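Structure, as structure tokens:
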Amino acid sequence: MNAVPKKPHLPREDIKVIIRPKDGFNTAGYSVAQIGDCILRATGLKPEEVVKDSIRINERQNIVVVSTPVLERADKYCAMKDFRMGDRTYEVTAYMTAPEDTSKGIIRGIPDYDTPEDIEKSLVNERNPGILHAKRMGRTNHAIIVFQGTYVPRYVYYRSCEYRCVLYKKQYETCYACGGLGHRSDVCPQPQVKRCRGCGSAEPTADHRCEPKCLLCGRDHPTGDRKCKARFKTPYLVKKRQWERKLQENASSEQRRTENEKRVDDTAALNDGREHRSRSRSRSHTRSRSRNRKQGDSSQPRASSGPRARSKSTSRTGNTPMQKEGGQAGSGHPGLFEVSWADTVSGGRAKVEAAPSNANTETNKECGASERDIAAIPSQRGKSEH
């Protein structure tokens, strides 16, 4: 089932007139064009004069809404007392609604003998600069006041008397004739149908057993009873304030969430920066130590640290002549003489740094002397034999 599309908003700047037909007139039984023609005939307006006006039917409330940008035409609509549909004349009540940028308040306890003119003069004056209009609510001693803007003061002055003013709360319209919701008894489209206001039974007898049940809250009292807390609609100003408060709370919550996310991001970035700097310092220290180690190795020659460790195959006392006289074999210092441990204990001489040329000369001499001594041994042995 397709939903009925929502009707467009009427022009905000226009004047709205409410027409309430009585005598059982049912707006749902006629087209909007038929009702519009009846209104034009009753007001004396011509179709070409109301081109910019809008006529709309509210079937739920059984009323007609007229929107016009011209005050003169609005006055003509409000002056209607009846209109004729077919061969029957229906009584109507017409009045202007409050402008869009206004709010309503209520005061209680005004005198019963005050006329509408007295109420208007008692409230619409320089003592109450924000009041635009005031009138009595039906036959009660309450007065409904229209204020400019969205502010309703807590107190107003009624002929210099201070009255407590409260925000106007519109009630859900309940029909006492048919027991339905959405319209009042004076505009009931079926006034001939009688229903029990408590239980809703059709054509109730005088001795029927009534078990009341409210259609608004579901409790055991007649629909729209005074003690029903659900009979009041939430005022537009209250809805607007609730909506603005919700938007403000959402904005504050979003701001807090954004700040928390930013704080977390800043903390993470700070931690990442610390870790990066720590790793950089560690790498820098490592590179610095490596450079220092390399520079030390290249700039300082390795000092002689004495005799190398002996191999397992070398005896402690079986030192070769090369080790005793000419230094360690394969050493890079040809003139360095080393002394064995046995020579050190027996008071041998320490290492002596000899010139390369002298060392070579002495070595050659010693080698030559040794050869001559070896060659002379046989001759000496022969002489001794002779």
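Every residue, even glycine, has its Cβ placed from backbone N, Cα and C.
Any TrEMBL annotation is an automated prediction that lacks curation.
Taken straight from TrEMBL:
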DOMAIN    175-190  domain 'CCHC-type'
COMPBIAS  245-266  compositional bias 'Basic and acidic residues'
REGION    245-386  region 'Disordered'
COMPBIAS  276-293  compositional bias 'Basic residues'
COMPBIAS  312-322  compositional bias 'Polar residues'
COMPBIAS  363-374  compositional bias 'Basic and acidic residues'
Can you tell me which parts of the same chain pack against the domain 'CCHC-type' (175-190), counting only residues 6+ beyond its ends and a CB-CB cutoff under 8 A?
20-22, 24-29, 60-63, 93, 196-197, 200, 215-216, 223
DSSP helix, strand and coil counts for the compositional bias 'Basic and acidic residues' (245-266)?
22 helix, 0 strand, 0 coil
Please list the DSSP helix, strand and coil residue counts for the domain 'CCHC-type' (175-190).
3 helix, 1 strand, 12 coil
In the predicted model, what is the mean pLDDT computed over the domain 'CCHC-type' (175-190)?
75
